[in-house]
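Enquirer: First the structure, which I've put down as structure tokens, then a few questions once you've had a look.
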Amino acid sequence: MAGDFYDYARIFVQAGDGGDGAATFRREKYVPRGGPDGGDGGRGGHIYLVADPGLNTLLPFRERTRFVAERGGNGGRSRKHGRNGRDVFIRVPVGTVARTIIDGETYTVDLDAPGLQLLAARGGRGGLGNVHFATSSYQVPRIAELGEPGERREIELELKLLADVGLVGFPNAGKSTLLSVISAARPKIAPYPFTTLQPNLGVVEVGDYSFVVADIPGLIEGAHRGVGLGFSFLRHIERTRLLIHIIDAAGVDGRDPVGDFHAINEELRLYQPELAQRPQIVALNKADLPEAQANLSRLRHALPLPDHDVFVISAATREGVDALLQRVAGRLKEMPAPHRVPRDETLTWPVPDVDERQYTIERTSDGWRVRGRKIERLISMTNFAQPDAIMRIQRVLEASGISAALQEAGIQNGDTVYIEKAAFEWEDGEITYLMPGVR
């Protein structure tokens, strides 16, 4: 990976509001009393997240964090339908996990295959024109709906690299050097800790078999709590099928190779217990140094792994590297392959289905609060400047049982009823709209 690497971002998305319906009537030369002909508003633009295999970082979201889709067009005369707002497509790397909070619950969608789309925010429905409200007893409907507001969401994006093999170990153990000799990747390499400050990917070919290796920046004790480079990089190990645990067998700078092995595995366990059970192959690196040769016998006996999963290598001279790769390829072939084929599929937030007709009534210090998806949507799409708007709301409150429920709860004349952002005064079962600021 070249350039800066960002694997976390927060964005705000705002889908387009629906267009307003029209409250118009036919005006034709020989039709003196033409009926309603107001058209519907267009749908607001949706906002999608799209998994793009050509991206490998969330860097673009460092500069741009807000995305707004277009509003739907208004309806017009002669039943003219407003045009739909243009959709917005936000491209993210394959392997991006999206999270949002809806009604107090956190929902997660994993964009782990090329082409997957997430409908991140749904555009509002266009308002109905007055042609929909005409009946035999109500032939001159002076009402049309406003467009429904588009969904607004704060979304957390987290990139988890898609790699078959993860290179783990303490800083300066030789992970980047190994990646550079087994693949075409060219990570920054220097003889001091924390040279690698971002994950690097490389494709390794063993005969006619290939796999992807991720060089994870060096871990230290306390990484599961965010110490050092911390859990911001541990997340990239989660999707790997196999770990190559690289140990500095020479014990440079007085390090204990056996202690390092156990310390790294403990960090993996504390971060995510399943990671400690992930298949591992150990590479005892720096075998070209005399100090390593003196430690090899002790290390082989101290490591709780079979001999066929412990390899003595020198990434600097390539000693033992080919044998290591053959073993890695063999282990991967024995494991189930991940299903990452392109998928032309649109996902939605996994929100449970609910009956939108349900509602709740709460007694508050200054009145009554009615909540419910259907009734709140009706209020948000009501143009209170239109003469017949209150009449429609009154009918819906009665038909839905809300009026009866309020009376059963003990509402009194003069009490205020709040629904969504609107306030109404209750009087003998009928409501009067209170302009904002009026009590």
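Positions of Cβ are set from backbone N, Cα and C atoms, glycine also.
Note that the coordinates shown come from a computational prediction; the quantities given were computed from them, not determined experimentally.
In case it's useful when we look at the structure, here is the feature table from Swiss-Prot:
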type	residues	note
BINDING	169-176, 194-198, 215-218, 285-288, 314-316	GTP binding site
BINDING	Ser176, Thr196	Mg(2+) binding site
DOMAIN	3-162	domain 'Obg'
DOMAIN	163-333	domain 'OBG-type G'
DOMAIN	351-428	domain 'OCT'
Enquirer: Run through Pro217, Lys286, Ser314 for me and report the binding-site residues whose CA is within 10 Å of the CA of Ser176 (Mg(2+) binding site), in sequence order.
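Expert: If one measures from the Cα of Ser176 (Mg(2+) binding site), the binding-site residues that come within 10 Å are Pro217.
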Enquirer: Summarise the domain 'OCT' (351-428) as counts of helix, strand and coil residues per DSSP.
Expert: 28 helix, 20 strand, 30 coil
Enquirer: Looking only at the domain 'OCT' (351-428), what is the model's average confidence as pLDDT?
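Expert: Residues in the domain 'OCT' (351-428) carry a mean pLDDT of 96 in this prediction.
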Enquirer: In the three-state scheme derived from DSSP, which category covers Ser314 (GTP binding site)?
Expert: strand
Enquirer: Out of these binding-site residues, Asn172, Ser176, which one has the fewest other C-beta atoms within 10 Å of its own C-beta?
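Expert: Sparsest of the binding-site residues Asn172, Ser176 by Cβ contacts within 10 Å: Asn172.
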Enquirer: What is the one among the binding-site residues Lys175, Lys286 whose Cβ has the most other Cβ atoms less than or equal to 10 Å away?
Expert: Lys175
